[in-house]
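Per TrEMBL, the features are:
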- 105-118: compositional bias 'Low complexity' (COMPBIAS)
- 239-252: compositional bias 'Acidic residues' (COMPBIAS)
- 254-264: compositional bias 'Gly residues' (COMPBIAS)
- 1-25: region 'Disordered' (REGION)
- 92-121: region 'Disordered' (REGION)
- 233-269: region 'Disordered' (REGION)
- 192-224: repeat 'WD' (REPEAT)
- 274-315: repeat 'WD' (REPEAT)
- 316-350: repeat 'WD' (REPEAT)
- 359-399: repeat 'WD' (REPEAT)
Amino acid sequence: MPQDGLGSKTGGKKRSGGVPRVRSHTDAELQYYRDQDHDTILPPQFRARLQGLFMQIEKEFEALYAENLSLHEKVDSLTERLERESVIGERQGGTEEIDGGSTKGGIKTKSGGQSSQKVKAANKLRVQTSKIVSSFKNDTVSCRMVREYVGHRDGVWDVAVSRVGTPVLTTASADQTACVWGIDGGRNLLQYTGHSGSVNSVKFHPTQDLILSASGDHTAHIWQAAITPDQLRVHSSEDEVDGSDREDDDDVGLAGGRGEGGGPSTLRTPIRELTGHTSVVMAADWLPGGDQAITAAWDRTANLYDAHTGDLLSQLIGHDQELTHCCSHPTQRLVVTSSKDTTFRLWDFRETIHSVSVFQGHTESVTSVSFTREDKVVSGSDDRSVKVWDVKNMRSPLATIRLDSPVNRLAVSANNVIAIPHDNRHVRLYDLAGNRLARLPRSNRQCHRRMVCSVAWGDDSLGARCNLFTAGFDRVVYGWNIHAYKEGKD
């Protein structure tokens, strides 16, 4: 998520899995630093020498970064191979068969040393990870990448799917724009440019063609996102994404994914501007019905607004550090806010006198929170864990999922599957009991090359081929088909 400096998240800790996330200042803050640069007292020769040294450092860093990416690909390939071998062994009821060799009674069919090492590695992997079981009883989860959405000029912080039956999604980017895309066509249909800072969050209205966006410019905007059927009828010239044809150019145009036709429509003016925060607004969401909106900001407050007038109705105070996320219940007037203070809070607006409950259980910044349809709350944290809570019991979580990388903005499907995006470029699927279901594949370069910032589930009733979307700091959004099928059946 967006950060208040160019380093890591909290306390200067090292990030795992590569380059730390670079998110920082709003435009006002960047201009401040640019003004400082103009007032420098360094002599020209020293400044030129300093710039030369920085260029050398940048070249060395680029070489190290490329080498790091190559090593990550090799590690991912070996890990996937071991996982496949591990799953084969589990499904064969205790008889391990790896590359044609059986471990029952010892490894003898292959060269003993190599095969034995592979078996030990597979066994170790099984011990260290959860058993791959399914919340669909005897079902197996298949994951297939279907489409990519390319067009942003900087990292994509958030992704959301329309809730009014139109097959479109919206994205929020550090390039100060929010875009609306056709799910099946992959085209960028509408670009919103009304913010003057990074767009950190986007949410569709529950019943109307409106989008609520939160920004580093200290505001949230409500804007019109009506898409005509004619726009949706223009589909991509390619039905499926071919990994070998992956667009590698970082300076891709703003015309969207692989669709035909010209660029997107541009919208510059919001219907409503929500003001009142004194720092970066990290997230915003609609309350049930869409008449009110909640925002969460780095000024340690959450604001409740009248969505029709833009009036500030209430300011929620209590967090000790910057807020990172907020989420409203789909049907009840309940809101959760998360913070860098390692807690998240449940705010109850169902009564005239509002109440608040504090949930403690994480050891580092809570990066996201999400309601389920069963009145549970799922929280993700930089402490590399995801916890499932009962809203009526704030003392201890119902389940804890231990992971190998910090967690970004997660999402829970209608079938109670948790999609977890990581800093290390992976996305994993779990059920509410903490059982691992799958990991999105990373092969044929059909994967994120930098951290995955956010995920969103689509509505299966729309009939779209994609029902899960992942947004990354590599400027790309991927659409996936997640399918549960019984063994032996399609």
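Including glycine, each Cβ sits where the backbone N, Cα and C put it.
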Distal contacts, the repeat 'WD' (316-350) - CB-CB under 8 A, six or more residues away: 1, 4, 9-10, 279, 282-288, 294-304, 356-360, 362-371, 373, 377, 379, 381, 383, 391, 394, 409
Helix, strand and coil totals (DSSP H, G, I; E, B; other) for the repeat 'WD' (316-350): 0 helix, 20 strand, 15 coil
For the repeat 'WD' (274-315), residues assigned helix / strand / coil by DSSP: 0 helix, 23 strand, 19 coil
Contact set, same chain, for the repeat 'WD' (192-224): CB under 8 Å, 6 or more residues outside the stretch: 1-2, 23, 25-28, 154, 157-164, 166, 170-180, 266-275, 277-286, 288-290, 293, 295-297, 305, 307
Residue distribution over DSSP helix, strand and coil in the repeat 'WD' (192-224): 0 helix, 18 strand, 15 coil
Surrounding residues of the repeat 'WD' (359-399) on its own chain - C-beta under 8 Å, 6+ positions past either end: 1, 9-10, 321, 324-330, 334, 336-346, 405-412, 414, 416, 418, 420, 430, 432-434
The repeat 'WD' (359-399), counted residue by residue under DSSP: helix, strand, coil: 0 helix, 22 strand, 19 coil
Reported mean pLDDT - the repeat 'WD' (316-350): 97
